[in-house]
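Per TrEMBL, the features are as follows:
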- A:132-144: compositional bias 'Polar residues' (COMPBIAS)
- A:158-255: domain 'FAD-binding' (DOMAIN)
- A:301-378: domain 'FAD-binding' (DOMAIN)
- A:125-144: region 'Disordered' (REGION)
Amino acid sequence: MPLTKHLNVAIIDSNPALGSRPYFNKEDPPDPRVSTVTPATISFFKDVGAWQYIEQHRHAYFDKMQVWDYTGLGYTRYNAQDINKEVLGCVVENKVLHGSLLSCIENTDFQKTIYPSKLSSMTLPPSPSSLGMDSTSSRPPLSSQRHLAKLELSDGNSLYTKLVVGADGGKSRVRELAGFKTTGWNYSQNAIICTVEHTVENGCAWQRFLPAGPIALLPMGDNFSNIVWTMNPKESTNRKLMNEDEFVKDVNNALDYGYGPHPTSSLFGSGEMFSWPRAGVTLSANDCFEVPPKVVKLASERMVFPLSLRHASDYVSKHVVLIGDAAHTVHPLAGQGVNMGFGDAFALSRVIAEGIAVGSDIGEVTVLKKYEAERKPANIMMMGILDGFQKAYSVDFGPLNILRAAALHGAHFISPLKRSIISYASGEQKLPLFT
Amino acid sequence: MNPTRLAFIRSTLCRHFDKDPNRARPFEGIKIVDVGCGGGILSEPLARMGATVTGVDAVEKNIKIARIHADLDPVTSTIEYYCTTAEKLVEEDRKFDAVIALEVIEHVANPAEFCKSLAALTVPDGATIISTINRSMRSYATAIVAAEYLLHWLPKGTHEWSSFLTPEELVLILQRANITVREMAGFVYSPLTGRWSLSDDIRVNFIVFGTKNCQ
């Protein structure tokens, strides 16, 4: 990016992983904190030259996905070949993602400084109109930092900058200090995450909606899988504390016969009703329901996180911009959260480059608003869809169960719809339907 | 409209002065004068792109505002602002690599003389860029009726339709001032997106890029 090479960047992050050279012992079992990156995110990483580092460490592409629920009324299977692609996504440990980005910036020559510290306070410059142009007294004390934002860090450093990018997560301090309002609610659900082991390799992403929340089994490579199990807070405390064998039994139960029957291969006779015209039928429409591979061992500690939805009403103000979870926090049920964040990051970097091309001041709201105009609608739409799913699946009510099953069937057998869904979830398509 | 005007200026000047448009400061070493600079809305981005900028405006208040705003940022504080006219600069024998007068010529009493002044300020084989509003039925409807009376984007009476120049007229008077017009483009506004873009529709707002003939 030649237009932005001259920019001086400070990264403020107290995460200790930033200090040392990233090194991972390949014998370590996978860390339960993982992200499922979509093909769109993979191509962003390739564009900046960071994906090569990920390929040197553990990562797991997958090309199949199965979604079903406890009612046994329906299921849907997706295959990357439905949209003529090779993968639906890749599951990567967060520490590998961090490490690859760190290696990437270390090998790029632009001015960057890492401050392993926390942000304590932020002072934004007053707007020029308040500088009193009709005052006859002498000019205010000449400070070349008058037009810059001042950041005070917990280690005592003070930084001056044109643009503060708040990428500090759901409990963003930047967002708090800059006074952005948020709306949202807490889901009365927690997620337990952990790594488990099978006797065979898992090549498919599985998600089963249970009455209290979905359980997801994501392939990580080398016979390991990652579990993300959403449930109410009381159950999450129990499950975290119960002994490992009981927990493994519980997991297998949840993925197999627990809570309800397996879906039969089709509800309304064979799927031929929906599979005309034959020519456009997706490969996976002919797939039968499969049971996920059995878990034999727990391979990591169990971690519990509360789930919530949060959205900042603005992403942008003078000198400050929010990206990622600082701007929007979502339910993990579709693995979209971090991908929305990467989408934000790449959109912002492009908007900054475009602004520099026409000599703009990168802290100006007019420039930053272009980023907001691009990302906010896309993020809100995705959040609405995910929240809709969360609410639809949190009610166990006969007629609603049948409606959901019909929707699953539709998503499985109606090929154009299925292609749209896969393209949207992979980050290829901007709108969920009808483009 | 400003980013769009800057995109045109960046593209034509980079090509003319053989500068790499993919650098953040392609105009380093180029002396530019912004005639009718107002509050510095054009001068500041030009300075950020590396140019040595002089901004002039006939209204003292504009120059004051421009100076205060430019002093906020070390990059733009190098801009020299003067309350003067193009004609007076010619008398001072000032010369620039590029002379830019955006949305000015429709307000001057004698456009032909104004063009001669702009030409005198330009070094031989230097660049002159002028933007203005076309004298057409369409511009009457949009730039005057819509912009001044309906949308109130500008105060009433800002523009006098009869003093608008058509592109042909502008090219002719520039030719008579020894400036050959090389490129021309139009600006169109889309009410749907709220954005301006460059186009070949010169029926309302248009911009020309010309070079001073070497004698």
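Note that Cβ sites are derived from N, Cα and C of the backbone, with glycine treated the same way.
Caution: TrEMBL annotation is automatic and unverified by curators.
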Looking only at the domain 'FAD-binding' (A:158-255), what are its DSSP counts of helix, strand and coil residues? 27 helix, 47 strand, 24 coil
Averaging pLDDT over all residues of the domain 'FAD-binding' (A:301-378) gives 91
Helix-strand-coil residue split for the domain 'FAD-binding' (A:301-378), DSSP-based: 41 helix, 17 strand, 20 coil
